[in-house]
Amino acid sequence: MATWSNLGLQDSASPLMEQLNFFHDHTLLILIMITILVGYLMLMLFFNKFTNRFLLHGQTIEIIWTILPAIVLMFIALPSLRILYLLDEINSPAITLKTIGHQWYWSYEYSDFMNLEFDSYMVPTNELETNGFRLLDVDNRIVLPMNTQIRILVTAADVIHSWTVPALGVKVDGTPGRLNQTNFLMNRPGLFFGQCSEICGANHSFMPIVLESSPTNYFIKWITAMNSN
């Protein structure tokens, strides 16, 4: 989900997404090198006018094209395994947010606070304000503190959904009867948008996610106001 004038990935808002960006660039560089090498060899063979009538086998080249791809795969697999481990590791979360997917809206529960839960629906186009984002704005945003370890629990009430915020590098499937979890830490304030990433019915495209990252003191004020209401 690109933003204005953005042809690549979104700017990262969490250390995990930053690691994913680095891994993307690392892997893309390897793929470009492979493409150039294979293209060069194909062109050389295509325009080569020499023939070897006595070639029976090429044991040396067979060993090379077996070992070389294995080494290249190691350079891709090891960073990938490291990031997969980091994505699953949860270190002493300060706040737990429970997310429930419905057809076609999200419900949120702040498990660490008393009676703090709400539903989040997409704002229809005819009710959207001038500075709103079409098909991305919601009536109730999630508000979470920045520079804080957050754990998110995701499930669903009807069919399979997927809670996804690209700027944070978070994508968790919500499956009825199961509770999936992941963690993230937002390192800058701002609004981060996401959408359901699992086809879940007719209005699958109309259940966006809006997460507001704010300093801790503003988050405490928001929590106090929500509890008083």
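Heads up, residue numbers simply count up from 1 along the chain you see.
Even glycines carry a Cβ here, placed using N, Cα and C.
Not measured: the values here are computed from a predicted model.
Annotation comment: Swiss-Prot describes His161, Cys196, Cys200, Met207 as Cu cation A1 binding site. Swiss-Prot lists Cys196, Glu198, Cys200, His204 with the feature Cu cation A2 binding site, giving similarity to another entry as the kind of evidence. Here Swiss-Prot flags Glu198 as Mg(2+) binding site. Swiss-Prot lists 1-26, 83-229 with the feature topological domain 'Mitochondrial intermembrane', giving sequence analysis as the kind of evidence. Residues annotated as topological domain 'Mitochondrial matrix' in Swiss-Prot: 49-62. Swiss-Prot lists 27-48, 63-82 with the feature transmembrane segment.
Summary of the Cu cation A2 site environment: with the site residues Cys196, Glu198, Cys200, His204 set aside, the chain residues having Cβ atoms within 8 Å of the Cβ mean position are Gly101, Trp104, Val159, Ile160, His161, Ser162, Ser197, Ile199, Gly201, Met207. Between the binding-site residues Cys196, Cys200, Cys196 has the most other Cβ atoms inside 10 Å of its own Cβ, all protein chains included. Within 10 Å of the C-beta of Glu198 (Cu cation A2 binding site) there are 17 other C-beta atoms, taking all protein chains into account.
Over the topological domain 'Mitochondrial matrix' (49-62), the average per-residue pLDDT in this prediction is 81. Secondary structure from DSSP puts His204 (Cu cation A2 binding site) in a helix. Remote same-chain residues near the topological domain 'Mitochondrial matrix' (49-62) are listed as none (criterion: CB distance under 8 Å, separation of at least six residues from the stretch ends). Those residues of the chain, other than His161, Cys196, Cys200, Met207, with a C-beta within 8 angstroms of the mean position of the Cu cation A1 site C-beta atoms are Gly101, Gln103, Trp104, Trp106, Ser162, Gly174, Gln195, Ser197, Glu198, Gly201, His204. Sequence-distant contacts of the transmembrane segment (27-48), counting only residues of its own chain at least 6 positions beyond either end whose CB sits under 8 Å from a CB of the stretch, comprise 72, 75-76. Neighbour counts were taken at the CB atom with a 10 A radius for the binding-site residues His161, His204; the maximum falls on His161.
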